[in-house]
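Feature list (source: Swiss-Prot):
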BINDING   299-313  NADP(+) binding site
Amino acid sequence: MGKPTGFMEIKREKPAERDPLTRLKDWKEYSAPFSEEASKRQGARCMDCGTPFCQIGADINGFTSGCPIYNLIPEWNDLVYRGRWKEALERLLKTNNFPEFTGRVCPAPCEGSCTLAISDPAVSIKNIERTIIDKGFENGWIQPRIPKKRTGKKVAIVGSGPAGLASADQLNQAGHSVTVFERADRAGGLLTYGIPNMKLEKGIVERRIKLLTQEGIDFVTNTEIGVDITADELKEQFDAVILCTGAQKQRDLLIEGRDSKGVHYAMDYLTLATKSYLDSNFKDKQFIDAKGKDVIVIGGGDTGADCVATALRQKAKSVHQFGKHPKLPPARTNDNMWPEQPHVFTLEYAYEEAEAKFGRDPREYSIQTTKMVADKNGKLKELHTIQMEKVKNEHGKYEFRELPGTEKVWPAQLVFIAIGFEGTEQPLLKQFGVNSVNNKISAAYGDYQTNIDGVFAAGDARRGQSLIVWAINEGREVAREVDRYLMGSSVLP
């Protein structure tokens, strides 16, 4: 604790963000890291708690509290305050393989459980983390770590998202020969095609993939298991296989008019936009274009917000985002106490941009889409909705009830369905013969072994839709279990 009175004297700061209207003109990152001095000030606010709840990584009432990868947050906060940046980087990398990702797109459950947040704004942990790793790359402190010895064991990893990359990194450092298979044309999975460039610039992902390649990991893209290579071939060629395919099966909205032209899954929209941007700066026209259209995003989460931001950059005529839940309160309520994840109203980057563009927040709350209507050519022209009320039933459980008389018709030529994911796609599960429940691969947490010998599973493919930090956590842990399976014991943390 470098400055015992820091939390009393220094206010929380946000990193600089580009003007919303200016950033709508391009696809570059909307935010910037802290300056060195700002990071030191914010590090001084850390109280070095005896029990640092910021790093507990616990599940409280179904939500994540604290960091799931157990980042040594008070330690590197203090080192940053003291200007010992390289040591701060070393402490950060002990637990987090990819701080350049989490420092940008993680929802920061660490801050929600920060002890200071009981009475004051939390320490700016996420932005300090980003500044540490960015400074590490800028100063050349991060160089390829090529293993000095190889074990002679080979591991195949299916999927190159955060769980796959974390397990690959760990196993490679343990001396195993690792090959990562990715069905897309670029490695990175969700990091590459699931998150827009203005939120996570793809050069940052490519830099990490290049580093992992230099360290000895092989990436095989444009390769789908069951099409280009069979599961049996993988099991024959490798000593162990890890399934890290993510939860790619998108949840559908099966209502009247769903088959209208202009209704798309959110991830299809985001993926095509990013791919076209990377391939040709949109010159190939191989994307879903919202220009001049009334756009409605169904689903109130982060993926929906990314659709809003993408549509704004494409110069949509109007954008609305529908969510079934009521608007969150401005501060914690008595049934949402610290250190639970705070369920409070926030204004994310996409909503700031919509307010700047249209003068209003695009979110509509407690609303249910009842049907979609197409014109005589089958093209979507409008959505019908009704307001909902969230109430407790006689059993004490919440349920949603329609409010008669609140029906409304919305003009719409594009709709993006962003209501979550159901789990792993079935063809892959059948290829390997692994057991599953509700499209999630059956493999116990902490063990990660499926019912098929030598086949493991981790990340969203196992646990369902979750956070990037949980994917990294499971990638690291499954690597340890695979190392133990191959060698009898493990050198990995």
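Heads up, the Cβ atoms here are built off N, Cα and C, so glycines get one too.
In the structure shown, across all protein chains, A311 is the one of the binding-site residues G301, A311 with the greatest number of other Cβ atoms within 10 Å. The 10 Å shell around the Cβ of A309 (NADP(+) binding site) contains 26 further Cβ atoms across the protein chains shown. Long-range Cβ neighbours of R313 (NADP(+) binding site) (same chain, at least 6 residues apart, Cβ-Cβ under 8 Å): L24, D26, W27, M198. According to its DSSP assignment, A305 (NADP(+) binding site) is helical.
Look at the Cβ of each of the binding-site residues A305, C307 and count the other Cβ atoms within 10 Å; the largest number goes with C307. Counting other CB atoms no more than 10 Å from each candidate's CB, the binding-site residues G299, T303 peak at T303. Mapped onto three states, the DSSP output places R313 (NADP(+) binding site) in helix. In three-state terms derived from DSSP, G299 (NADP(+) binding site) belongs to neither a helical nor a strand segment and is classed as coil.
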